[in-house]
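Peer 1: What TrEMBL records for A:67-88, A:123-141, A:166-190, A:211-232, A:238-265, A:296-316, A:351-369, A:396-419, A:439-462 is transmembrane segment. The feature domain 'ABC3 transporter permease C-terminal' is assigned by TrEMBL to A:75-191, A:353-459.
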Amino acid sequence: MSLATLTRLALAGNRTDAARVALTALSALLATLAGLAALTVLAIEKPPGDAWQQSEQYVNALLREPGLRGGTAFALVMLTIPVLALAGQSARLGAPSRDRRLAALRLAGATPGQVTRVAMLETGLASLAGTVLGLACYLGGREVLHRPDDNGQLALPTDVLPPVPAMAAVVLGLPVLAAAATAVLLRAVATTPLGVVRRAGRTGSPQPWPALLIGLGVLAAAVVEPIQWALRGAALEWLALVAMVGIFGAVMGVIFGAGWIAHLAGRTLHRLARRPAALLAARRLTDDPWASSRTFAALLAALIIAGGAAAFRASFQLRAELEQEQNRLAGFGDDAFHDSFYLNTMDLVDLAVAAAVAIAAAGLLVTLVEGIVSRRRTYAALVATGVPRATIGTSIAWQVLAPVVPAVLIALGVGYAIGRLLTGDLSPGARRPDVPLEQLAVQGAGAIVAVLVVVGLGVLFLRSTTAVEELRAT
Amino acid sequence: MTQLQARGLVKSYGPTPALRGITLDIDEGEIVAVTGPSGCGKSTLLHCLAGILRPDAGEVSWRGHRLDTWSEAARSRLRRTDFGVLFQFGQLVPELTAAENVALPLLLAGTGRRAARTAALTWLERLSVAECADVRPGEMSGGQQQRCATARALVTEPRVLFADEPTGALDTLAGEQVLTQLVRLAREHRTSVVLVTHEPRIAAYADREVVLRDGVIDHTGLGLDAPLAGGSR
């Protein structure tokens, strides 16, 4: 099959396919911006002089201090996690109609390999459009934002450009990665002329083994400080690696644990359900509990970081209070020098977490709408037989909220526990930071409100998807 | 006694007319087959009679009350209580068991779960699919699914059952079985049935056949008198 034919077939499709392509391109655009931003931070040259020499051309200490740039770049790369989760959730948009299209290609004589290439090309081209647009936004934004202040300092590193090969790697590498991910995902299904058949799905009820991952993650965080003290700061790179692996394990544990929570919530709801809405939600939760893992992955990852950030903020807050107390005792008064750098940094982290929650909510909306659209015939039949749309809307709300509330609490708890263990105590027997219940409550409530808003928006699609015309479509 | 009346029904989808002035009466306990070629307006007529669609012009009356002027909520309530609706396929909730699917209309009406399940089991038994009570639709045959859907449509003991190509997705034998049971139960409960079909063999189960062509009634005739026919003519 020629490239032109492949491209033509890859770009064929209905409005849902167009929406998937647009969302994939948007995800690629956001990921490109985050990647190029991280590369730009790393491209800032270390000023000549001793290790304490700072890049004075920048306003923000995160850019000024060479020692902090690695962490800043890492945080920017971390921002791509919810973006990539959004891309993954977008890939499910319009999956039934795409599956039918691919099956039709097979029926017309396309080989399984050709069908895979069509799907890969669709994702690859959409991602390439996004990365190229992202590069254009980056270069344009660089020009627009390059405005030194009165002291000649810059808010962003708009005076440096990452190496061209590195930029090319982001712009071209992301589409290749996306296409490769599509090929891997298609390995789970067989595209036959009669339809797309899933080769093997996860069967059986979820088990609580993710709790083990969470436990190991928390344990890894707990051992960092004692080992650090024991080794007196010698050769600690491997310890940092252990902590990172542990944290990653805990994040995965919470995400996979959402499946178990959904199953448990479904069973409990089924036992207690008195109304049809709750019964419908309960059955859907027990039928596909892993949907919750897929749906809330990005949100839960963002909340673990939020919980950890709350622990760090509480620790920095205590440190600042103790400093002020010492200054007062030393007779310097309240106006003495006060280093608010770390607290300001936490403001940035909170901003990043809010952005991640917003992106995760967008992904949740995509998944929710896709779920409604793919079940439109059943919903339309229910409405035609007299089931109120409100009942279906309530069942969707139950289905989302029943697992998300406990999952959010666990994510915040795990994040806070890891953060608290990593910050340790300032000195043996010293005051310990209070649990920032207020901040954790705001984060949890904010996430649940975001989910509620998403459910509200998703339910708006019910009216169009339950129209009687859906019963006439084949 | 006339249960349902349609007077001068007109309905269009954009510029395409589907119904062009249909007038029809459905009596209590009567089984009416609506037949005709594809695109003649059969399903649209059924949807208007059942209150699923509002006609652009004309009236639909249910026991003397103008149904087409009711709010959507009121029409939904009517479909839950006095009407039953049966489609070709895709009507069962895939995650619910057969018993839960059948119990759904009762739960919506406020019946307790235990009582609703008991009633559902009774209807599954009547439709000869009691063994499927705790099975999900995906694990049932097409015929079993359709009998389960029939049980759901009848569980509230509706006054009128609207069936849109109820055997269209089944093989001949399974289709015959479903229809035989549907007609038997309708006659037992004096339920009126509006049966949309394009198969003369299926229409033969009805007391009366209404043939549509291009959105109007082409002619009306008696059903071919299937073995189970025998209601009011």
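Cβ from N, Cα, C; glycine included.
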Peer 1: Please indicate, using numbers and ranges, the residues of the same chain that are 6 or more beyond the transmembrane segment (A:351-369) and have a C-beta under 8 Å from a C-beta there.
Peer 2: 23, 30, 75, 78-79, 81-83, 85-86, 88-90, 92-93, 294-296, 298-299, 301-303, 305-306, 309, 396, 400, 443, 446-447, 450-451, 453-455, 457-458, 461
Peer 1: Under an 8 Å Cβ to Cβ limit, what residues of the same chain, 6 or more beyond the ends of the transmembrane segment (A:166-190), are close to it?
Peer 2: 24, 28, 31-32, 35-36, 39, 87-88, 91, 99, 112, 116, 119-128, 130-132, 134-135, 196-200
Peer 1: Using a Cβ cut-off under 8 Å, which residues of the same chain at least 6 positions beyond either end of the transmembrane segment (A:67-88) come close to it?
Peer 2: 23-24, 26-28, 30-31, 34-35, 37-39, 41-42, 44, 51, 61, 127, 178, 181, 294, 297-298, 301-302, 305, 349, 352, 355-357, 359-360, 362-363, 366
Peer 1: So, does the transmembrane segment (A:396-419) come close enough to the transmembrane segment (A:238-265) to give 3+ Cβ pairs below 8 Å, pairs being at least 6 apart in sequence?
Peer 2: yes
Peer 1: Could you give the number of helix, strand and coil residues in the domain 'ABC3 transporter permease C-terminal' (A:353-459) as assigned by DSSP?
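Peer 2: The composition, in the requested order, is 89 helix, 0 strand, 18 coil.
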Peer 1: Is the transmembrane segment (A:296-316) packed against any residues at least 6 beyond its ends, judged by a Cβ distance under 8 Å, and which are they?
Peer 2: 78, 81-82, 85-86, 89, 250-251, 254-255, 258, 342-343, 346, 349-350, 353, 356-357, 359-361, 363-364, 403-404, 407-408, 411-420, 422-423, 426, 433-436, 439-440, 443-444, 447, 450-451
Peer 1: Do you know the DSSP helix, strand and coil residue counts for the domain 'ABC3 transporter permease C-terminal' (A:75-191)?
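Peer 2: The domain 'ABC3 transporter permease C-terminal' (A:75-191) comes out at 85 helix, 4 strand, 28 coil.
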Peer 1: Note the mean pLDDT of the domain 'ABC3 transporter permease C-terminal' (A:75-191), expressed as a whole number.
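Peer 2: So the average pLDDT across the domain 'ABC3 transporter permease C-terminal' (A:75-191) works out to 82.
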